[in-house]
Amino acid sequence: MSLKDQKREEARIMNATFDHIEVQREDVPEISEIYDILTKQSSLINFQVYYLGIGDDSEQYIENGLELNQLRLKVHELGNKGIPDYLITPREEILKENALLNYMKDHKLPIGADSFLTNYYFVNALQAMSGLLFLTIILISGSELLVFEQRHRTLVKGFPISFMKKVNAKVAVHFIYIYSFLLIGFLIGCTYAVEKLNAKDFSFPVLIYKTGDYVAVSTAQYLVFIILGMALVTVVLLYFSILLNMLFQNAFANLLVGLGIYYLPDLLVSAGMNTSYLHPIKFINIAGVLSGDLAIQLGNSSIDYKYAIILLMAVTIFLNISIYLINTYSYRRKPKDVPLEKVF
């Protein structure tokens, strides 16, 4: 959906809102006040459509947008009386648009269809890639990180290198090839967007969630956040795959257990249990962290990019310690116990 289409849809919603409250405004004073505010909103939206087309005035579009959002927030303060829920613009969406408009105003950026569509393509593509799909790819890729060594003896098994050094080496090698293909795929996607979809302008800002508020950043900054975040997620998942390999020694179990753990917080929440201690599991969806969707979904306003990165690093350390302890325990088991075959 283009920016102009989005504004036309807002105008259509405004007309539907008028139909609902028209019959009530004479009887309820609050609704009468809301009706007057909606009239001003409708005028501002129509002017925005004009400035996107024939008027071609980015500065006035931004000023009208900021005024429009102030009026929307005022309607929220009045309780949105008389307006059906499905016609109410959520407060979060208003704050998001305000952040974008203020960024463009401060940086004197023009409003262009190409720049809006470019960010629309990239943000949606990265959000689709992050989370469950990315988790599944990494779990499949790491499903035999150690199991392969048991089935196919290699020269690595005889090297005089400590177990943890071998594990770190395996994680490093798999990380390099996985992330190399990921970056190559991303570059191919960029090329396709530029050539086929005419997405050549990267000036339009992208919204990220930060400490309970929405902040607009440049597309380049957003891509750096995503690339670094997904790199850390890749490392976490590879160490997690190592741990699952040690516990189950089965490639298929690696995938099933990994997916089960990812959905565990959702299952416990549906059962009415507090799962705040399991929130780091969901940080695998780094695009959801940046957009603020996870903070809303999990009901924790402190979940932002910095918070997620710190906890993911802590999880990486925890996984390393767990791998080391399990390996040490298996090495020191008494002869009378059932022997646990070493993976290296």
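Backbone N, Cα and C atoms are what each Cβ position is placed from, and that goes for glycine too.
Feature list (source: TrEMBL):
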- 125-148: transmembrane segment (TRANSMEM)
- 169-194: transmembrane segment (TRANSMEM)
- 214-240: transmembrane segment (TRANSMEM)
- 247-264: transmembrane segment (TRANSMEM)
- 307-326: transmembrane segment (TRANSMEM)
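Remote same-chain partners of the transmembrane segment (307-326), defined as residues 6 or more beyond its termini with a Cβ less than 8 Å from a stretch Cβ, comprise 163-164, 167, 228-229, 232-233, 235-236, 239-240, 242-243, 246-247, 279-280, 283, 286, 289. Long-range contacts of the transmembrane segment (247-264) within its own chain (CB-CB distance under 8 A, at least 6 residues past either end) are made by residues 132, 135-136, 139-140, 142-144, 146-147, 150, 237, 240-241, 275, 278, 281-282, 284, 326, 343.
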